[in-house]
Each structure stands twice: as C-alpha cells, then as structure tokens.
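Database features (Swiss-Prot):
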BINDING   30-33, Lys51, 87-91, Gly415, 479-481, Asp495  ATP binding site
Amino acid sequence: MASKEILFDVKAREKLSRGVDKLANAVKVTLGPKGRNVVIEKSFGSPVITKDGVTVAKEIELEDKFENMGAQMVKEVASKTSDIAGDGTTTATILAQAIYREGVKLVAAGRSPMAIKRGIDKAVEKLVKELGTLAKPTRDQKEIAQIGTISANSDTTIGNIIAEAMAKVGKEGVITVEEAKGLETTLEVVEGMQFDRGYLSPYFVTDPEKMICELDEPFILCNEKKISSMKDMLPVLEQVAKMNRPLVIIAEDVEGEALATLVVNKLRGTLQVVAVKAPGFGDRRKAMLQDIAVLTGGTVVSEDMGVKLENISVADLGTAKRVVVDKENTTIVDGAGKSEDIKARVKQIRAQIDETTSDYDREKLQERLAKLVGGVAVINVGAATETEMKEKKDRVEDALNATRAAVEEGIVPGGGTAYIRISRVLDDVKPADDDEAAGVNIIRRAIEEPLRQISSNAGYEGSIVVEKVRDGKDGFGFNAASGEFEDLIKAGVIDPKKVTRIALQNAASVASLLLTTECAIAEKPEAKKDMPMPGGGMGGMGGMGGMY
C-alpha cells in the first residue's frame, strides 16, 4: 500500500481553497451574455470550444492531489446541478467558491466551522422559501422562448425553436437534439406514435419513389412471438381480406413461409399488408407492444395472457387513421384506442417513473409516456464545422433543460437579480449565536457574487451594479446584454426558479462540507527513480585468447 500524506487545519484548507479557486476561475469567465468561451484540448479530434460551465469543470484535473480534492468537490456541485436542473452550473460553481472563500477566513479567525454550517443551512432554507414566493408561472410561448434564448447564450433562433417544439409536443412530449446534415437548425415534429423499426421487406412499399408504405385505416395486429408458419395467421388474414382493409403486423419477427406468403399476397393485390419488427427488447418490448395495443384499441397476442394467434378475430385487432412505415421507422397516426384506457396506461407509466431509481429506465419510460400523450420533436442542429456543431449542440441542450425547469417550477428575474431580491429575508433568520450569524452573513455576501461576475464579464464594476439593483424593487435589475438597468421580466431576462434554487442548495451543501474539513489525506507522489546506467564493456567474453 502506498504511503499517505496528511495535512491538517490551515494547511489542508489552504490547499483545498487553491483547488476550488482554480476550477471556479476557469468556469466563471463563461457567465452571462458577455461571458467568454473556454477552449479545451482533446486527446483526439479538434479542440472543444464551450461556454457551458459543467463541460469546463469536467475537464479539470489538477496535479497537486490536495488541490485536486477541492476542485473535484466543486466539480460535484456543477455536475449535480446539471443532472437535476440541467442548467445553472456556472452560477452554482461561483456560489460554492464565494461561500467557501468567506467561510475559510472566519474559520481561520477562530470561528466554529460547525456553527457556521448551521448558519449557512438556516439562511439557505429561508432563501429557498422566499424564492418560491418570488417565482411566477410561465404564461406563454414567448416566455419559454426568452428562457431558451438566455440559456443558449442570447441565440433567439434556438429559443424560438425550443418554444415551438414545446408548444407542439406539450409538457410530457419528448424533445431530442440531433446533428443536422446541413447548416440550418430545424425542427421536425412527429405526430402520433413513432418507433424505430421499419418494414421487413421492401416489397411492402406502396410508394416506390419515397420508399415508404402508407396505409389508411388499417387493422393492426400486435404479436409477442415470432411468426414463421402461415397456418396460424390464416383465419385472421381471411377475415381482413373479406373486409378489404389493410393490415399492419407488428411481431418479434416474421420470417420464412409467413413472410413469403405475405409478400406474394401483397404483390398480387390480394391484401394490402406490411410486417414490422416489434420495438425494444425483452420486457421493454412487451410493454411497448402493450402501449401500441392500448393506443390502437387492440389486444396483444401473447401466450402469457392465454391468447393464441390462431384463435383471434378482427375484434382483437387495433386500428388507426394512418400508418406510415419506411426503412427505419414506423409511425401510427390517430390510434382508435379508448381515451380512458390510454389515461389508465399513462397513469401506470407515471407511477413507474416515480418509483424507478435508474436514470436509463426513467428516460425510456418518459419516451413511452410521450409517445402515448404528447409526441416527439427532433431539433436538428446545423453548423459549418464539427467544432461549432459540438458547441451549438451543448447550447441547445442547456436551453432545452432550462425551459423544462421553467415550465416545472416557474420563473424569476434573471441575471443574478433574484438572489439580491430575496436577500432581505435573511434579516428574519434567528441565529443561535455569533458563529451562526457569521454563517448567515456568508450567504448574504455570497449570493451577490453571480451578479458581480455577470457585471464584471460585461465590463462593469460589480459592486456599483449590486448596490443599484438592491435599491430597486421586484423585477428591476441589470441587463448585461444591453448595459441597461430595467424591469428584467419585461425585457425577457428571466431564469427558471428551479435552476436558481438547485444552484444555491448544491453550492451551500458542498461548500459548508469543505468548511468543516479539518484533515486531508492523499497518496504521496512516488519519487522517480533514476534509470540504472547500462553496464560497460563486453563482459563474459574471456577465454578467447587461444584463437589465432
């Protein structure tokens, strides 16, 4: 086991503090509309240029192990804020730095770190409550566009596209971000339920020009197992053919004799049909087939449920207004399922979302929910170069997260103003002693820091701006983009309340933990051993004197 180096008291906090500052100083140059970019070297490919706080934080590893501990703790603040709120990572980092910097001075002066932590916790609790009263719900598409614009670094195109996407697919809808082939950033909305499986044979195509199969008012058969024999399917096929309606077969697979017979019947014009593989795998496939059945008003043919393919009738099939199948995707538009059945299914999926502990499962459940109730929107991000594409995609994802947070918990004045507005409630906090009061004062000073930094990045004196904003009321604040003092809500400079809240809570949590640290332990760097000198001469060749 490698030997350890142990630092105590002032020395430990000093090293941690240096690490915190190195990371925070790299991150905070990105804050606000006039914030700068950071360029990050990559071991392969072109460098990344970003204005996203968490991307910068994640790249930082310091050589000194104790300094690195401090940096990693603050990195945790940025990551956690990004995971929960999706934005506000730079604000959270700046708050953590300010809380720790002020706290370290007081601990060095002999104050009790545990009492300071209690004071910090009381102050944050009070501020979070007040933030709730300051927040207003998002009223319209315009406000959503403003939030998206601010989070995307004042890019109105991105803000408007996100607002349009949210208007089309609703709160429950899924919005994904993809890389576009061209330079334009566009929005594509898929109506109805879409899943990523296409036709099993190109012979099913009805439009050879577009290479798609489009069926109007089709019956939809959902089968859990493979279909390889024709005899099981014959009864239901005959019933559908008599009614002269198209048929969509969604099964684990359709192969051999069954697929060949379907293709022949399609080519002869006996039956308009298309066969598609079921989406997903394992239990998720069963659940998705059930979703399709509920949406279309059909029944899943499953031996687990005691339903066999040879015994089903047309009454067990679902229907929809239209089904479009291409090489890679199937879209079911306007399924004929009963609204109460769909609502019950949605309620069940929501309960599963609340219960699951896996982020992956939650994401997949939300996708299923969106397909049932909302829809799916795809934002195709276009750019001239790969470097610009990465940077733009980051901004779109940030903006998307911020708008979701705003819809969830409402909005507050942006640009660091919300923290200044709520700071007055700190006068009502009742600390138990002077050390707790010092903790409250740390927060009072720290929450001014985001506004100071935004002003500083825009080329203004932070202290003057803070005083002027403090003298104002409600939404009055500093618009760093224009350099004006105005009503920020009217000017469209707004932040999601959730982002503002999470940034403060996470920053206070990690910074106060760092403050209560008295000892730091890290592995000693191994002393580099000098390489041994190569042996001289050609030893071992004696005894050759007898050669002439």
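Even glycines carry a Cβ here, placed using N, Cα and C.
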Neighbouring C-beta atoms (10 Å sphere around the C-beta of Gly415 (ATP binding site)): 28
For the binding-site residues Thr30, Thr90, the one whose C-beta sees the most other C-beta atoms within 10 angstroms: Thr90
Count of other CB atoms lying within 10 Å of the CB belonging to Ala480 (ATP binding site): 26
Secondary-structure category, per DSSP, in which Asp495 (ATP binding site) falls: strand
Structural state of Thr90 (ATP binding site), classified by DSSP into three states: helix
Distant-in-sequence Cβ neighbours of Asp495 (ATP binding site), under 8 Å, six or more positions away: Gly88, Ile147, Ile150, Ala402, Ile411, Val412, Pro413, Gly414, Gly415, Ala418
For the binding-site residues Gly32, Gly88, the one whose C-beta sees the most other C-beta atoms within 10 angstroms: Gly88
